[in-house]
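Here the structure comes first, spelled out in structure tokens, and everything after it is commentary.
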Amino acid sequence: MIMACLNVCNKGAVDGKVKRGQEVCTLDGTVDRHGRPAVRERTGTWVAGSLILVNQGLATLAFFGVGVNLVLFLTRVLGQDNADAANNVSKWTGTVYLFSLVGAFLSDSYWGRYKTCVIFQTIFVLGLVSLSLSTYLFLLKPSGCGNEQSLCGSHSGFHMALFYLSIYLIALGNGGYQPNIATFGADQFDEEDPNEGNSKIAFFSYFYLALNLGSLFSNTVLGFFEDEGIWALGFWASAGSASLALVLFLSGTPWYRHFKPRGNPLSRCCQVLVAATRKWKVDLTPREEDLFELEGNDQSSKNGDRKILHTQGFKFLDRAAIITSENIHKMDKENYNPWYLCTVSQVEELKCVLRLLPIWLCTILYSVVFTQMASLFVEQGAAMKTTLSGFHVPPASMSSFDILSVAAFIFIYRRVLEPLFAMGKRNGKGLTELQRMGIGLVIAILAMVAAGVVECFRLNNATTDCSNCEGSSSMSIFWQIPQYVLVGASEVFMYVGQLEFFNGQAPDGLKSFGSALCMTSISLGNYVSSLLVTIVMKISTRDDMPGWIPGNLNRGHLDLFFFLLAALTTADLMIYIVCAKWYKYIKFEGKNGDNIKACKQAEQLGVV
């Protein structure tokens with residue numbers, strides 16, 4: 001115990017604070033870039049957190065500078081038809097979010113979050129530079145093509161291969177980087193310290209705000225240039241923004257706090273399953289004290305810095321931690337085989353993942369609602385009156401109201417609602433993450449109802465037998481503002497709540513995986529939305545009716561589709577409430593509790 005104190009703190013602990021020399025260290029087990037315990041005053045907090053927020057804003061600007069108008073690039077520059085272009089964009093978008101699992105796995109297992117962010121951001125920059133060069137040198141031929149009036153000519157197989165290599169490098173870089181940067185930013189705040197713990201909660205709100213502000217610039221300024229056919233300038237702007245983001249991230253290296261990677265989480269989960277299966281005939285012990293757990297600093301070397309306390313549920317898995325006579329004969333506590341015997345913390349790590357999955361599945365349908373902003377909301381807006389005093393309002397630019405809503409509601413929640421909800425509570429905290437996610441689902445239902453009502457009124461003011469139905473309704477596009485504002489408000493409760501929930505509830509060795517769950521939810525939401533549209537069209541199409549979502553929206557019933565989404569989200573909310581009530585929060589033992597206790601004992605003995 002005394003040696004553990006000296007190894008971790010060098011100087012022990014005074015008044016419950018871990019010290020290195022005469023400087024106070026963090027209590028959450030973070031280290032500096034040299035692998036020594038992180039000094040509180042010289043690392044982390046908002047100095048490092050602010051750099052990460054700016055990095056996120058610039059990287060998001062760069063990513064959406066490509067993604068927001070990629071479908072137009074495929075049709076105008078590469079000559080693809082609408083269906084092929086839409087499918088290619090869906091595949092690319094889904095791939096971006098699936099790559100988040102790759103980045104999370106490498107980060108949690110081997111590289112750590114800092115190294116993973118640097119590597120994938122570098123790949124991201126290389127992809128953007130390659131896309132900019134290939135567009136400028138090869139794809140915009142003849143010169144001046146690529147706008148709505150002038151389409152480009154055909155391209156060679158080499159040019160097409162270079163283009164797809166570039167955009168999938170962008171997908172790999174952004175996908176692998178995104179789940180780690182959010183978690184790495186949260187790592188800069190010591191959750192064992194009350195003040196820094198509050199800052200850590202606030203960080204996720206500001207992180208999501210930075211993401212939206214970056215996409216706002218892409219949707220407006222860069223979107224305008226690319227819509228006018230100035231593709232090379234737009235792509236070079238994205239490449240420059242991503243390069244600046246990487247430079248800023250690297251500049252903060254001396255101030256960052258780090259968590260060491262914990263090893264392959266897949267093998268740890270498999271060990272629990274194998275050990276529990278081998279003991280399936282063993283009677284479950286009624287006492288938690290009889291379950292195997294390492295003590296003190298031995299635990300940090302095996303499964304992260306914090307022990308996870310035993311919880312009820314999934315009792316079959318508890319068998320993996322039962323010490324049998326066979327275990328005693330084959331091994332001792334210092335050298336045990338995890339394929340036969342696992343610690344309680346290792347068992348609880350798998351339990352935690354199993355408990356998170358139902359909550360995660362309930363968020364996928366919310367992502368279906370969220371994806372409508374980039375598809376059906378835009379199509380609905382295009383069929384409305386898009387002029388104001390002679391100025392044309394691009395339907396896709398209406399998403400700016402969503403971004404402004406996000407910014408406003410983050411401020412409203414942090415400054416007004418959270419203190420209001422915290423009044424009268426002993427812990428001084430407002431709504432839990434699960435409660436906020438539930439509110440997000442409720443607001444999403446209202447957003448779909450609002451969109452359906454607007455569509456009903458749009459149809460009443462539309463020309464049914466038009467040849468080109470863009471702007472065929474006399475109803476102004478600005479009637480869409482309520483549905484965009486409601487979606488933005490729901491994001492603040494749902495997506496910010498998700499980031500906090502999955503980061504806080506994921507075990508120490510799976511923090512990046514927790515953030516990746518948020519991204520894969522959006523990815524699957526895209527796929528489910530596409531599947532749902534296909535099913536609805538097959539069911540609703542008749543000889544005398546072209547379906548709910550035909551090419552001519554004035555002959556369809558887009559309003560019924562929005563109401564269907566509202567009904568499905570309501571059903572999802574009911575299931576979510578059941579899952580949220582069933583969920584058991586993970587319980588950690590303090591990371592440095594044993595070390596501090598050891599240090600105090602050492603002080604009493606006169607050793608430290």
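Every residue gets a Cβ built from N, Cα and C, even glycine.
According to TrEMBL, the transmembrane segment annotation covers 46-74 (among others).
Annotated transmembrane segment per TrEMBL: 94-111 (among others), in sequence order. Below 8 angstroms of C-beta separation, residues 119-120, 168, 171-172, 174-180, 183, 261-266, 509-513, 515-516, 519-520, 522-523, 526-527 of the same chain, each at least six residues beyond the ends of the transmembrane segment (94-111), sit close to that stretch.
Remote same-chain residues near the transmembrane segment (118-138) are listed as 59, 62-63, 66, 77, 103, 111, 155, 159, 162-163, 165-177, 180, 231-232, 235-236, 238-239, 242-243, 245-246, 249-250 (criterion: CB distance under 8 Å, separation of at least six residues from the stretch ends). As annotated by TrEMBL, transmembrane segment applies to 118-138 (among others).
According to TrEMBL, the feature transmembrane segment maps to 158-177 (among others). If you look at the transmembrane segment (158-177), the same-chain residues 6 or more away from its ends with a CB under 8 A from one of its CBs are 59, 63, 66, 70, 78, 92, 95-100, 102-103, 106, 116-117, 119-128, 130-131, 134-135, 138-139, 519.
Among the features that TrEMBL reports, transmembrane segment is placed at 206-225 (among others). Outside the transmembrane segment (206-225) by six or more residues, the chain places 52-54, 56-61, 63-65, 68-69, 182, 185, 233-234, 237-238, 394, 396-397, 399-400, 403-404, 406-407, 410, 491-492, 495-496, 499 with a CB less than 8 A from a CB of the stretch.
The transmembrane segment feature in TrEMBL is assigned to 231-252 (among others).
According to TrEMBL, the transmembrane segment annotation covers 356-378 (among others).
Under the heading transmembrane segment, TrEMBL lists 398-417 (among others).
Long-range contacts of the transmembrane segment (438-457) within the same chain, counting only residues at least 6 positions beyond its ends with a Cβ under 8 Å from a Cβ of the stretch, are 362, 366, 369-370, 372, 377, 380, 431, 475, 479-480, 482-483, 486-487, 489-495, 497, 558-560, 562-563, 565-566, 569-570, 572-573, 576-577, 580. Feature annotation from TrEMBL assigns transmembrane segment to 438-457 (among others).
What TrEMBL lists as transmembrane segment is 477-496 (among others). For the transmembrane segment (477-496), the list of distant contacts is 204-205, 208, 363, 366, 369-370, 373, 377, 380-381, 384-386, 388, 393, 395, 398-399, 401-406, 408-410, 413, 436-437, 439-441, 443-444, 446-448, 450-451, 454, 457-458, 518: same-chain residues at least six beyond its ends, Cβ to Cβ under 8 Å.
Among the features that TrEMBL reports, transmembrane segment is placed at 517-540 (among others).
Sequence-remote contacts of a segment are chain residues at least 6 beyond its ends whose Cβ falls under 8 Å from one of its Cβ atoms, and for the transmembrane segment (560-579) they are 358-359, 362, 365-366, 368-369, 372, 376, 437-438, 441-442, 444-445, 448-449, 451-452, 455, 533, 536, 540, 548-549. Here TrEMBL flags 560-579 (among others) as transmembrane segment.
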The transmembrane segment (398-417) versus listed stretches 46-74, 231-252, 356-378: most Cβ pairs under 8 Å: 356-378
Residue numbers, six or more beyond the limits of the transmembrane segment (46-74), whose CB comes under 8 Å of its CB atoms: 80, 84-86, 88-89, 92-93, 121, 124, 128, 131, 146, 167, 170, 174, 177, 181-182, 184-185, 188-189, 199, 203, 206-207, 210-215, 217-219, 222-223, 226-227, 231, 234-235, 237-239, 241-242, 244-246, 248-249, 251-252, 255-257, 396
Cβ-Cβ under 8 Å with the transmembrane segment (356-378): same-chain residues at least 6 beyond its ends: 395-396, 398-399, 402, 434, 437, 440-441, 444, 447-448, 451, 480, 483-484, 487, 490-491, 494, 498, 501-502, 505-506, 514, 517-518, 521-522, 524-526, 528-529, 532, 549, 558, 561-562, 565, 568-569, 572, 575-576, 579-580, 582-583
